[in-house]
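A.B. asks: If you scroll down you'll find the structure; I have some questions about it.
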Amino acid sequence: MRSHYCGDVNKSHVGQEVTLVGWVNRSRDLGGVVFLDLRDREGLVQVVYDPDLPEVFNVASTLRAEFCVQVKGVVRARPDSQVNAQMKTGEIEVLGKELTIINSSEPLPLSLDNYQNNSEEQRLKYRYLDLRRPEMAQRLMFRAKVTSAVRRFLDSNGFLDIETPILTKATPEGARDYLVPSRTYKGQFFALPQSPQLFKQLLMMSGFDRYYQIVKCFRDEDLRADRQPEFTQIDIETSFMTSEQVMAKTEEMMRGLFLEMLNVDLGEFPRMTYNEAMRRFGSDKPDLRNPLELVDVADLLKEVEFAVFSGPANDEEGRVAALRIPGGASLSRKQIDDYTKFVGIYGAKGLAWMKLNDLTQGLEGIQSPVLKFLNEGIVNEIISRTGAQTGDIILFGADNATVVAESMGALRLKAGEDFNLLEGQWRPLWVVDFPMFEKINGSFHAVHHPFTAPRGVTPQELEANPANRVSDAYDMVLNGCELGGGSVRIHNQEMQSAVFRILGITDEEAKEKFGFLLEALRYGTPPHAGLAFGLDRIIMLMTGASSIRDVMAFPKTTTAACPLTNAPGFANPQQLAELGISVVKAAKTED
């Protein structure tokens, strides 16, 4: 039905007859000549119909936006005065000779031109219309090119694309599982995989030493701008490769991807330990475009008569951190109060501050509600450590270390945006040396997942002192987003059992949930390591989209619903009976 895509017609086709199909983007009658912009996935082209062909002209006069049509005509160059440099096809136009209306269109329930006026609900309900917008089409085409480039790289490096099961067994990986009831085994359930983690490890045990898969994963968790109930991973696993080799290979892939797709050379990725990232930036995925850093000052404040500072300063689990904002002395009291409310979201009880109005006047040139508790030596040392100057403000977070990191790390990002401090477009890094475990409510939890190997300890040493052990794990971070995370895996049954015990998983529970893995670890398991990238997040960053929903064809809402299909929906009674399921309706509450 077509000879060319609309967006591909150019000056080399002048004088040629072309057949185009697509949608009417805009139609206008100017002085007896009908101009229409015809659109397909590759772009727009202007088609002109004049009254010399009255039958065709009359049909062209009836066209409205989003009519699906076929056009036959001859390509001609536009006069210099009519060249449109804003259009890919702006040097030419097509003189229409034939016109077929394939399908008409009713008035659209949403605007494709002023899409900002469309609600998120509208855009998702009529997603097939929203995807006609060039911006959306270009993102999905970009995504297709990225996955093609990833496959090409991995294929050429000896990786095998192997599928793993979608219907599997529930395993504790951090989020809630989506469960699928079994008809043949009443009362039993499959789980949709949160990742192919265990299956790809089993593939390593099977001898397939380089595996990859671009795979759907499912997590029933609270949603944010960068979360969806179903998402896509670039999943990679290797045998007989160290963490350094895995990092080198995947960094090579990512650098090549950015060079090919965006003509951007990311350069060599720097390394940063988890502890350094948390200390300097309050985050294990720091945005290095932001020059602001947290500075520890607790050692200066142990003896001050201000419990807000001295309490955390003398607490082993406490922290007092200072954040210098260049030019921040211009902040009004209301703006400081807004920052105080902001850190409160992350558990902070308040925000102390110090405005450096004129350092040539000593303490007289400093404005701060906490200045009366600090002597000149302490103030000067804080100014020296933070590198603050006249016109700056220093903000203080004082609490347990976790609250300080989360609240001041978030404030660092906000202040960097508010004061336009971001430097450079792309700042990648590797974060390494993560702790093996974190303690939550008195119990140990895996920082990555239960199959991550510790670095340089025996199972006995790990169980004797789990709190201070480092894992052989690594995260790739770009502009404050975690692109992917991975680790060396445990390939020894004794070590795996030790980790389960530390996590409070009894031997009986481990056998019930992970018996197949523990069994497999008995039969010559090779050392193996891997990494998984979040494809949706990578595309979001590369295209500048504000949400991963804008780089997925048919995403869910923030409440995990699909307005297009009205999913999820109720099952009919017959289906439920076959599955042995009865639905318990919530009891009505009286006012």
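First residue shown is number 1, and so on along the chain.
Cβ coordinates come from backbone N, Cα and C, glycine included.
Pulled these from Swiss-Prot:
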BINDING   Glu173, Arg219, His448, Arg489  L-aspartate binding site
BINDING   Arg219, Asp220, Glu221, Gln228, Glu482, Gly534, Leu535, Asp536, Arg537  ATP binding site
REGION    197-200  region 'Aspartate'
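How about a rundown of where these features are and what they're close to?
C.D. replies: Summarising the environment of Arg219 (L-aspartate binding site), the number of other Cβ atoms within 10 Å of its Cβ, over all protein chains shown, is 21. Secondary structure at Arg219 (L-aspartate binding site), as computed by DSSP, is coil.
Applying an 8 A CB threshold to same-chain residues 6+ apart, the list for Glu482 (ATP binding site) reads Lys285, Asp475, Met476, Gly534, Arg537. Look at Glu482 (ATP binding site): DSSP puts it in a strand.
Same-chain residues lying 6 or more positions outside the region 'Aspartate' (197-200) and placing a CB less than 8 Å from one of its CB atoms are 164-165, 168, 171, 173, 211, 213, 235, 237, 449, 451, 514, 517, 530.
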A.B. asks: Going by DSSP, give the three-state secondary structure for Leu535 (ATP binding site).
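C.D. replies: In the DSSP reduction, Leu535 (ATP binding site) maps to helix.
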A.B. asks: Highest Cβ count within 10 Å among the binding-site residues His448, Arg489, Arg537: which residue is it?
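C.D. replies: Buried the deepest by this measure is Arg489.
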A.B. asks: Can you tell which of the binding-site residues Arg219, His448, Arg489 lies nearest to Leu535 (ATP binding site) in space, using Cα positions?
C.D. replies: Arg219
A.B. asks: Of the residues in the region 'Aspartate' (197-200), how many are helix, strand and coil by DSSP?
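C.D. replies: Going through the region 'Aspartate' (197-200) residue by residue, I get 4 helix, 0 strand, 0 coil.
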A.B. asks: Quick one: largest C-alpha distance among Arg219, Asp220, Glu221, Gln228, Glu482, Gly534, Leu535, Asp536, Arg537, binding ATP per the record, in angstrom?
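C.D. replies: So the binding residues stretch over 20 Å, Cα to Cα.
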A.B. asks: Mean pLDDT across the region 'Aspartate' (197-200), rounded to an integer, is what?
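C.D. replies: Average per-residue pLDDT within the region 'Aspartate' (197-200): 96.
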A.B. asks: Which chain-mates of Glu221 (ATP binding site) that are at least 6 residues away have a CB under 8 A from its CB, listed by sequence?
C.D. replies: Ala175, Arg176, Arg227, Pro229
